[in-house]
Structures are given as structure tokens and as C-alpha cells.
Amino acid sequence: DFDIAGQFDPMIPDAECLKIVHEILSDLQLGDFVIKVNDRRILDGMFAVCGVPDSKFRTICSSVDKLDKVPWEEARSEMVGEKGLSPEAADRIGEYVQLHGGLDLIEQLLQDPKLSQNKVAKEGLGDMKLLFEYLTLFGITGKISFDLSLARGLDYYTGVIFEAVLLQQDNEHLEEPLSVGSVAGGGRYDGLVGMFDAKGRKVPCVGASIGIERIFSILEQRLEASEEKIRTTETQVLVASAQKKLLEERLKLISELWDAGIKAEMLYKKNPKLLNQLQYCEETGIPLVAIVGEQELKDGVVKLRIVATREEVNVRRESLVEEIRIRTSQC
């Protein structure tokens, strides 16, 4: 989750939030995505000019919010049949909510005879134009879509709203294309923080949330499909012992490694079996095992085992840190 709180000039923090969402989704390499953007004020102005009564704004908003999952005809019949909206008002909404684009669409709507007469919508469109100018400077408009069907059904949004959606893609490893819908969302909520302030001071905010569980589920499915193994630990070396009664020696050695900045761990057992220690490394993907045994202690060496090849080399105790650094830089 990422938020920017405080009074700033219009759309500068909002543009940065979108830049961060774009950066995260690009770096995760989840596939093609689009960030849909709208503004609560444009929505409210649109409902007003289409003839939606004030009392029905929020309930009609929730119908519009379903347009990423259902076709317009279904949303329209819900508005008219279940929510009592006039068919004429629903049809006028339909003309708007099926529009999406970029700066060209914003310019078109600023000239729209109905919307341009609505003060709230005009404000929202002016800010949306500014936002797209900043996003152009950030070089990310290729993944941004001004989408009039985006409603995000949370009442506390007051300005810009956005939602990042993964685009369905054919994956050769998967029988069916993977579609998980929204993977991030957010917007401007200028009134929310003040509700929790005893003095009612206004704290304008804009923020974004990343759908971490959804993203993990996609990554897990991909890994399963590709049968690729992933390391769940950054540990570089496991400190192990070959015989019993060597806990003190393991503790001494692991302390030396930690002090040198090596990422090391050991099993929390007094006398673990060597086989169990080696199996643990294979299961977790730890690349090296530093083994202390009675003979090694006498000789002033540590046996370093490369887990992938099962090769073992004796390394002088004073050279161990350097050897681990060299070996792990090659992994």
C-alpha cells in the first residue's frame, strides 16, 4: 500500500501514484496490463446530466462498477428493472460509459455540450487533462486508459480513481488463459482522514493498493505450469555438523559468518543428523553447506559442500568467508 497525504498542487501526487503502480506491475513481469483511470467528479457530473436523481447516484454507480464483468445490456436492465431508473437516463449513461481513450477523449468531453455545462464534471475533466499531461511526461500513457465505466464502489473516493487490470493472455504452459482481473487499485480520498480527527482538520490523500494475494496466485500458477523451482530463502550457507556434540562449534562458526555479513543459518537442534541437514538444503535451495567435524577442527579447515553438484572441498577456516562470497556470486 502506498499513500501521499497533504495539501499539494493538483494531480502531481496522483500522477506519482500511477507511476508507482506502473513500475511495480512492469517489474513483476506479470504480462500485459492496463491501468483504467476515471474521476468521481466526472461520474457524478455524468449521472447528473443523464437525469439520474441524486438519491440514486450511489446505487447506479454500483451498477456501472460491474461493467468490467457484465455486458452493458445486463447493467442497463439492472438499472431500469431493479433500481427504478428511467430507460432514457440509462441510455444516456450508456453513451458515456462505453467510452475509453486518452487525452483526445478528455478534449472531446470538455467540448461535450452537456458535460461541459456541469461544474463538477468540468472540474474533474480539467484535472484529468492535467493528469494525462504529467503521465505523458512520465512516459507511461501507453498503459493508461481514461475509462468512463470505472466507478470503484467505495464511497470515500472524492477525485481520481484507478484500477489496474491484467489483460488475458494465452500462455503455452496453461490449458486456459489466466484471468484474475484487478491486481491494483486506488484513488483520491480527501475527506476520509478528517473524519478521524477530533478537530475535523482536512488531510487530502491519494493512494494505491497492490493486490498481493492475487499476484502471488498468478506467480504460483505460472511456476507450477513451468515446473520451475523458486528459492524461498536468501540463505547462502547452512552451518552443519558431521558428528554429535558439535553445537558449540556450529554456534562459533555461524557467529563468524554473521559478523562477516554472510547470510547463514543452522538447524535448531543439538545433534542433527548430517543427512537431515543436507536434505534441508536441497529442499530450500540453500546452495552451500559448511560442515564442521572432529577431523576438520583438528586440521583447522571447514568442509564446504556445493549442494547442486555434491562436490566437497576443504577450506582453511580463515579463507572460508572469501570462498563463500566467491561461490555464491556464481550461483
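Placement of Cβ uses the backbone N, Cα and C atoms for every residue, glycine included.
Annotations in TrEMBL come from automatic prediction, not curation.
Note that this is a predicted model, so its numbers are computed, not measured.
For Asp3 (L-histidine binding site), the same-chain residues 6+ apart in sequence whose C-beta sits under 8 angstroms from its C-beta are Cys205, Val206, Gly207, Ala208. Residues annotated as L-histidine binding site in TrEMBL: Asp3, Arg152, Tyr156, Tyr157.
What TrEMBL lists as domain 'Class II Histidinyl-tRNA synthetase (HisRS)-like catalytic core' is 14-215.
Annotation source TrEMBL lists domain 'Anticodon-binding' at 236-325.
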Candidate with the highest Cβ count within 10 Å, taken from the binding-site residues Tyr156, Tyr157: Tyr157
Cβ-Cβ distance under 8 Å to Arg152 (L-histidine binding site), same chain, at least six residues away: Asn38, Asp65, Ile161, Glu163, Gly185, Gly187
Secondary structure composition of the domain 'Anticodon-binding' (236-325) [DSSP: H/G/I, E/B, coil]: 39 helix, 24 strand, 27 coil
Other residues, Cβ within 8 Å of Asp3, Arg152, Tyr156, Tyr157 Cβ centroid (L-histidine site): Leu154, Thr158, Ile161, Gly186, Gly187, Arg188, Tyr189, Leu192, Gly207
